[in-house]
Each structure stands twice: as structure tokens, then as C-alpha cells.
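Since the structure comes first, as C-alpha cells, the remarks are kept for the end.
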Amino acid sequence: MLLSDLSSDQEATGSNSHGGGGGGDRMVVGSHGAAHVVLSNLFLPPAAAAAATMLLPAAPVMVRPAAMAAAQEPRAKKKRSLPGNPDPEAEVIALSPRALVATNRFVCEVCNKGFQRDQNLQLHRRGHNLPWKLRHRAAAVSAVTTAAPAPRKRVYVCPEPTCVHHDPARALGDLTGIKKHFSRKHGEKRWRCERCGKRYAVHSDWKAHVKNCGTREYRCDCGILFSRKDSLLTHRAFCDALAEESARLLAAANNSSSITTTTCNNSNISSNNNNNNINSISNSNNLLITSSSSSPPLFLPFSTTPAENPNPNQLLFLQQHQAAHHQLLLPQFQQPPSSPPAYFDHLAFGGGGGVITSSSCNDDNSSIAGDVMVAAGGDSVSFGLTSEGSVTMHAGDVGRRRLTRDFLGVDHDAGEVDELELDELPADLSTTAAACQGCNFAAATTVACCATDFTTGSRQYLGRLPPVNETWSHNF
């Protein structure tokens, strides 16, 4: 063959000249000890290629070692063992509380000095030139003499029955450890720090605390200094809660003050708007309404003027009074009361005449915001403006004189307006006042009124309320 000059190593491994390993398209066939290389199945006839594929060995399966598999698996975090898990073969020793807290368990017979451990006493005896002996460890004893049995390990249980270390399975393996445990958990705290006042039951704990107490300062945001961090944390738990409560109350106070300011501004704006609206309504409906005390009242009796009125004993004038009240102290309410016009002075005290006045009382205990009095000699009819925006009419002793109901706009008949006897007038007759949205500001507005001739029955209207129905408009 042409490729028979290949080396035996290359033939045995089945690798090509490019360094690639033996693949599925390359086969090494041995015959009588001689190796022959077939490059690829593509160069063989179909029958030979199928036979070569059947002769290929199976691919080797790599088995991962158990150590590598264990190393790659996530190792569970080892939990910390609970204190007091001794050897089952250890010797369990139960000491009394008096023996655990005793400071002079081992006493020197020379100086009567007490020690908690026997080892310390033996070392003390050396100073008195007395015989002493230290207890050797079990490992050292077993190494020297193999004949003597090794002493068992000792564990100590807590004498307190309710303690978890009272169980032998949870016994502590150190005598010093069981002594400190009993003193810390069940003993009296006899040592007190002079700086912070913290108390300790173990003297070594107290000494360690005194060395560091006062060397650091922990400052709260409120400015208080603490020498201990735990005191600062305890304080901040309450300080933060107090700060949040103070901030909430301050925010609520600010909101209430802003709402009050907005309400006052809205009241002033609404009062001005009400005055403007009332002026516009009076101009459109020929009402006698004035919002300024300095200007004289405007009379619009259809087509006549006050100078052309032939009867001087009808409605005389409108007069506005200011109510001296503690709540009406705004600048717009501090205008001086105006006097009636000069051309009505001769009619003010005329015989048989009527006077209409308006007043305001903004009293918290009263539901009437303003009233109107119609007086004719000794007879009177009063109209009250309530806070809900209605007009209440009260009839006095006016004899048999006559008033018309169309003054209030309550006549719903399409015919002629009926006249109502004053004696038959109900005590409280209320109707909604369309133009009385600003009832609290009645002192700044003159009430619309009409005039009636009480002697002859003839009527002369100086003004009227807004039309309530078609009858009101058609009757005039």
C-alpha cells in the first residue's frame, strides 16, 4: 500500500500527521502481526465500509472518581454544636452551688489563704517550702506507666434544676466554665461599674468592662452621649419613635394652619364674589341692592324716579347698620354707617310712613344672619335671613292692613295677585332666597324690598326679588 511506510506507533494509536486522535472515521486493522491503516470509510466500498464500522471498538466511558464528585457537590454548612456535648464515657460530677461560688475552697494551712483550684494551692505551698504535688495529665501518665489505667474525663453539670446544663448529656467539660456559667446565669451580680452602673457576677467580666468603659462615646442624633453601644441602641429605639411622632404632629399642625389660611382667603374671595354677583343680579332684575355704604341707594320703580313719586307716605328709605361683633373685624366690614340721602330726610319721620332697615348679627348661638323690619306707624312686619339662605317673615300687630303675597313670589296662580290679610299671615313663612348665598355677609349688602300703600291699598313697587315663576313676571 502507499501508506505502509508509516511508523508503527502512528499505526498503533491511529493518529494522523496533524496530531488528531483516532476518530470514528479512522480504523486500525491488524493482520498477522502487521498493521494496516485505512484512512476513511469514504475510500472503501459500501460493503467494506459497513464491515469496518462494525469492527470499531466502543468509546471508553469516563468514570468520575467519588472524591471529585464529593468535592464538587455543595457542602452543607455545619451547624455549631450546642455547648455541653461530652464524651459518653466521661465522668459526670455534680457540685453544689456553694462549692461553685466558693472562693476559698482550697485553704492554705499556713496563711489561711483560700484558692478555688487545688493546682493553685499546690503552687502556693511551694512558697512556704511545703511538699506539693501537681496532678499530671492522663496522656503523660499513660506514657510513663502503661500499667496504670488512664483517668476518665470529667464533666460538670449545673446544679440549677431548670437549667439546660443540668442534664448530663449537656454537661460542661471545664470546672472554670461551669463556675462562670452558674455565676452569670444564676448567681448574684456583686460587681458594679462606677461609670455606667452595669453590674457583673464574674469578677473577670467586670475587670474587662472597666478597662473599656468610658473610652468610647456613642452620640445619638438628639445630642445625648452614651458610653455603651447597647445603651445607645436602646435609646434610639425610643428616640426614633418619638421623632416620627413629633414630625407627624408638626405636619398635621402645618396642614391645619394652611387649611385655615386657605379658608380665610376663600371666604374673602367668596365675599367679594358674592358682592359682585349680587350687584349683577340687582342690575338684571331691577333690584334695590347696594354693596357700598357710601353710595346712595338706587331706586328702580319701573319708569318713575323718587322725585316723581306723588305719595310721600310710601316706602321711605333704606338704611344700613353695622353690627358690632367680634367676628366681623375684617377691613371690608369696618366702614362707617352711612346716613340716609338728603332728599329722604323730610320723609323719615312722616306720619303713616313705613321704614325698612337691615341689620346683621353673626352670632354663633343664633341661626338668623340678618333681619329686615318693615314698620308702618305702630305696626311692623319682620323678615329674617337664616344661615341656610332662606327668608323668614314674622307679622306683628298691624291691624287690618293688607300685604300682597307676590312680595315673596309664592303666588302660583296665573290670574291676578291675591292680597293677604296681615292677621292671616303665618308666623313663619320661609322661601328660598336665590340671591342670598352670602348670608354671613348680610351686613355689607342692602336687602331688596318693595313698598306698599297701607292706607289706600294702592301699591308702588320700588324693587322686587328675582322672579320665582311665570306668575311673578306676568303680574307686572
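The count begins at 1 with the first shown residue.
Cβ atoms here come from the backbone N, Cα and C positions, even for glycine.
Copied over from Swiss-Prot, here are the features:
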- 1-13: compositional bias 'Polar residues' (COMPBIAS)
- 106-128: zinc finger (ZN_FING)
- 124-131: motif 'Nuclear localization signal 1' (MOTIF)
- 156-186: zinc finger (ZN_FING)
- 191-214: zinc finger (ZN_FING)
- 218-241: zinc finger (ZN_FING)
- Cys220, Cys222, His235, Cys239: Zn(2+) 2 binding site (BINDING)
- 228-240: region 'SHR-binding' (REGION)
Mean per-residue pLDDT computed across the region 'SHR-binding' (228-240): 84
Residues within 8 Å of the Cys220, Cys222, His235, Cys239 Cβ centre (excluding the Zn(2+) 2 site residues themselves): Asp221, Gly223, Ile224, Leu232, Arg236, Phe238, Asp240
Number of Cβ atoms other than its own within 10 Å, given for Cys239 (Zn(2+) 2 binding site): 15
